[in-house]
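These notes are about the structure you will find just below.
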Amino acid sequence: MEALRQKVKEDGVVIGEKILKVDGFLNHQIDAQLMYDIGETFYEQFKDQKVTKILTVEASGIAPAIMVAYKFGVPCLFAKKAKPNTLNKGFYQTDIHSFTKDKTNSVIISEEFLDEHDRVLIIDDFLANGDASLGLNRLVHQAGAETVGVGIVVEKSFQQGRTRLEEAGLKVSSLCEVASLSGNKVTLVGEE
């Protein structure tokens, strides 16, 4: 996705050698047209998978996930980082470590919204070490459902996330792959 690659190059802010801040279009302020285009792209990549549900984790994955769900015509479900008082039925739960925030959250999904009949496409904003997607995949398995793929908006390919997801048997598609953040500069795969 050339528009996304351009945004990452022009608007991404490098913080150290492992963190890329994309608040201007994805993680704080959202570029709606770009999210729509992301939805279309993931739809084209996974349209033959008979997807019944899109799954992400709150909060930054929600914007692209909603657009993907819109294109598929299926619900978008997000794992919550806290159990609300309104959740009085059963739920699936797992721990997910956030690379960016260096914090582990216990995330939950109501049993009401995910079951063994679902074919789930996981969507996330970033792929670093793969903890978020692996955690979401654990929730899918708890429900007896099937993960048909993982769609990543921005992958930091210099980290181990893709390898870990593929070792878990997951099909991974990334729209923008960052090769390096060295020298306070974003270098995309293919530019090295």
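Cβ coordinates are placed from backbone N, Cα and C, and glycine is handled just like the others.
Quick look at what Swiss-Prot annotates:
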BINDING   LEU20, ASN27, LYS156  xanthine binding site
BINDING   ALA128, ASN129, GLY130, ASP131, ALA132  5-phospho-alpha-D-ribose 1-diphosphate binding site
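Sequence features annotated in Swiss-Prot and their locations in the structure.
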{"residue": "LEU20", "record": "xanthine binding site", "DSSP (3 states)": "strand"}
{"residue": "ASN27", "record": "xanthine binding site", "DSSP (3 states)": "helix"}
{"residue": "ALA128", "record": "5-phospho-alpha-D-ribose 1-diphosphate binding site", "DSSP (3 states)": "coil"}
{"residue": "LYS156", "record": "xanthine binding site", "DSSP (3 states)": "strand"}
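Across the structure, LEU20 (xanthine binding site) and ALA128 (5-phospho-alpha-D-ribose 1-diphosphate binding site) place their CA atoms 10 angstrom apart. Near ASN27 (xanthine binding site), with the C-alpha within 10 Å of its C-alpha, lie none of the binding-site residues ASN129, GLY130, ASP131, ALA132. Within the set of binding-site residues (LEU20, ALA128, ALA132), the lowest number of other Cβ atoms found within 10 Å of a Cβ is recorded at LEU20. What surrounds the 5-phospho-alpha-D-ribose 1-diphosphate site, by Cβ distance within 8 Å of the Cβ centroid and not counting ALA128, ASN129, GLY130, ASP131, ALA132, is the set HIS97, PHE99, LEU127, SER133, LEU134, GLN159, GLY161, ARG164 from the same chain. Using the Cβ center of LEU20, ASN27, LYS156 for xanthine, the list of other same-chain residues with Cβ within 8 Å runs, in sequence order, GLY12, ILE19, LYS21, VAL22, THR100, ASP125, PHE126, ALA128, VAL154, VAL178.
The binding-site residues near LYS156 (xanthine binding site), taking a 10 angstroms Cα-Cα threshold over the set ALA128, ASN129, ASP131, ALA132, are ALA128, ASN129.
Taking a C-beta cut-off of under 8 angstroms and a sequence separation of 6 or more, ASN129 (5-phospho-alpha-D-ribose 1-diphosphate binding site) has the following same-chain neighbours: HIS97, PHE99, GLN159, GLN160, GLY161, ARG164. For GLY130 (5-phospho-alpha-D-ribose 1-diphosphate binding site), other Cβ atoms within 10 Å of its Cβ number 26. Take the CB of ASN27 (xanthine binding site) and look out to 10 A: across all protein chains shown you find 18 other CB atoms.
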